[in-house]
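**Student:** In case it's useful when we look at the structure, here is the feature table from TrEMBL:
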{"type": "TRANSMEM", "residues": "A:27-47", "note": "transmembrane segment"}
{"type": "DOMAIN", "residues": "A:90-305", "note": "domain 'ABC transmembrane type-1'"}
{"type": "TRANSMEM", "residues": "A:94-115", "note": "transmembrane segment"}
{"type": "TRANSMEM", "residues": "A:136-157", "note": "transmembrane segment"}
{"type": "TRANSMEM", "residues": "A:177-203", "note": "transmembrane segment"}
{"type": "TRANSMEM", "residues": "A:224-248", "note": "transmembrane segment"}
{"type": "TRANSMEM", "residues": "A:292-309", "note": "transmembrane segment"}
Amino acid sequence: MEQAVHEKLRDSSKRSKHSVWREYKKYRGLLLLLLPGIVFYSVFHYAPLYGIQLAFKEFRIMDGIAGSPWVGFKHFNTMFFVSNQFGTILKNTLIISFLHIVFGFPAPIVLALLFNEIRLKVFKRVTQSISYLPHFLSWIILAGLLTTILSPSTGIVNQLIASLGFEPIYFLGDPNYFRFTLVVSGIWKEIGWGTIIYLAALASVDPHLYEAAVVDGANRWRQTLSITIPCLLPVISIMLLLRIGGILDAGFDQILNLYNPAVLKVSDILDTYVYRVGIGQFQYGLTTAVGLFKNVVGFMMILFANYAIKKMGQEGLF
Amino acid sequence: MLHMTAGEKVFQFFLILFITLMSVAMLYPFIHLLSVSLSTPAEAIRPGLHVYPLEFSLEAYNKTFASSQIWIGFKNTIFRTVAGTFLALFMMALTAYPLSKKYLPHRSFYTLFIVFTMFFSGGLIPSYLLIKGIGLINSVWVYVIPVMIQTFSLLVMRNFFMEIPSELEDSAKMDGAGDFRILLSIILPLSKPIMATVGLWQAVNHWNAWFDGMLYIQDPSKMVLQMFLRKLIVSGEEQEMNAIMNQAPGVEIVTPETIKAATLMVATLPILIVYPFIQKYFVKGIMVGSLKG
């Protein structure tokens, strides 16, 4: 009896191996097309994972990644217990990201609702296009624009402030204002582009709902509260969860092009630290450890976001 | 507009006023910069609004275009934009097509293999050491090869391919056409809209990219425009600025303000000019871009 079962199992496993081989043979043309892509991902996305071991090593250029000596959790010990730099950059990352979420996340939702109320079709289309524009320019160009517009002596914003009788503000050089500048300039760049996904959701709301509400005597404000916003809620929650999943990304491109020594202590985030100290000062081991911390926590946050989205009954990311 | 109550009319008025102000806030910085770039040095630092130059001068552009570095930057930026976009479209179509077939053996494994890289990576230092290890440092190919496939764009393309009815391929298969032939002669001609969208995403990314240049390129003859702008404007390197200001002495003088404005405009204008024509493709792409597992 037992033997028969064993034989059957062996037989079936042989058959399945055989059939996989047959499948690969049958679709070899298709698999051949896939091969360059798989090689690309192996080299540029998986091979760097090998370098993660540097987080537990003291990197010596002469010895390379494999030959450098192991130091265990030394870098993590430095990060968490010895140096207080890591605490500062983690705090900055979380604060800046949190400010971006609190003020930057609702902004495109509000703008999308406003766009949706405009009755003049041409005006709506033109202003929408204008609002997407800053999204298409790099932070280097926008940094150039901002330093001109926000200059304490000649910038138009400070001239406005001065004409109202206040002291000029060093938006890019005063630690008290720098994070505020980051959040506002971030909103300015992305608010228009961010409306697209909400406008798409608004376009798919069943018009019958509004007709029924009009019959019931609901005004536009009432319709927005009782129909539009509930219809947007699933999209809003998914976008919010994804944003929270990426909480350790506080805007590397933006900060690297706007920060300066005067505001370093309020604006140095995980990514800028890894770049400056890792690439600039060759501290590969320590900054690989910082990068690993960010990637592991970030990955867990995304898994959590995906779980939460599925829990809500929506289609997850994977 | 006709059948509105008084309250709705007032609301529409304030709504349009608010959106107009917002549009002005979006556009003004660009108008300001354009105006400053066309101004004499004295006009450039005049307090107040700059909508058009009160004292006109082209000298900043003369100096900017006389600088060899800006032309080198343009050449390298155009190289990476053109070569990078076409190579990316080719590689992504090649990879997306097999993944769009339900009968591809181990399809879900290969998909996960690719999607996983969106959420976990080695980090900056390991990637840097890899690029160094494979000898792409100071090579213009570093602009193009490591970003040949963008996972999000790849998935958008795959989703589009999945919607193409398989019957269209069957007759070609009967005639003995291979998978590559089918991709080139049947799938790609049907995929022009998605190719336009993804191609434009890649092109804008390449035009604006700077960080890879900053990490991997030291040779000034291989620098892209954005990198040059960064040196001039963000890091404020005087050597670069003086190189522009001191050449081809003209009659009129220039100041760093007008030079900065002119170089910024030179890098921005190409995008501003094509933007009205291409922006609808970007928006369409976002709509198609819903991820399906």
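Note: Cβ is positioned from N, Cα and C throughout, glycine not excepted.
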**Student:** Looking at the transmembrane segment (A:94-115) and the transmembrane segment (A:292-309), are there 3+ C-beta pairs under 8 A, with each pair at least 6 apart in sequence?
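**Tutor:** No, the stretches stay apart by this measure.
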**Student:** Counting a contact as 3 or more Cβ pairs under 8 Å, with residues at least 6 apart in sequence, do the transmembrane segment (A:224-248) and the transmembrane segment (A:292-309) touch?
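**Tutor:** Contact between the transmembrane segment (A:292-309) and the transmembrane segment (A:224-248): present, because at least 3 Cβ pairs are under 8 Å.
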**Student:** Can you tell me which parts of the same chain pack against the transmembrane segment (A:292-309), counting only residues 6+ beyond its ends and a CB-CB cutoff under 8 A?
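**Tutor:** Counting only partners 6 or more residues beyond its ends, the transmembrane segment (A:292-309) has Cβ contacts under 8 Å with 52, 55, 76, 79, 237-238, 241-242, 244-249, 270-271, 274, 315-318.
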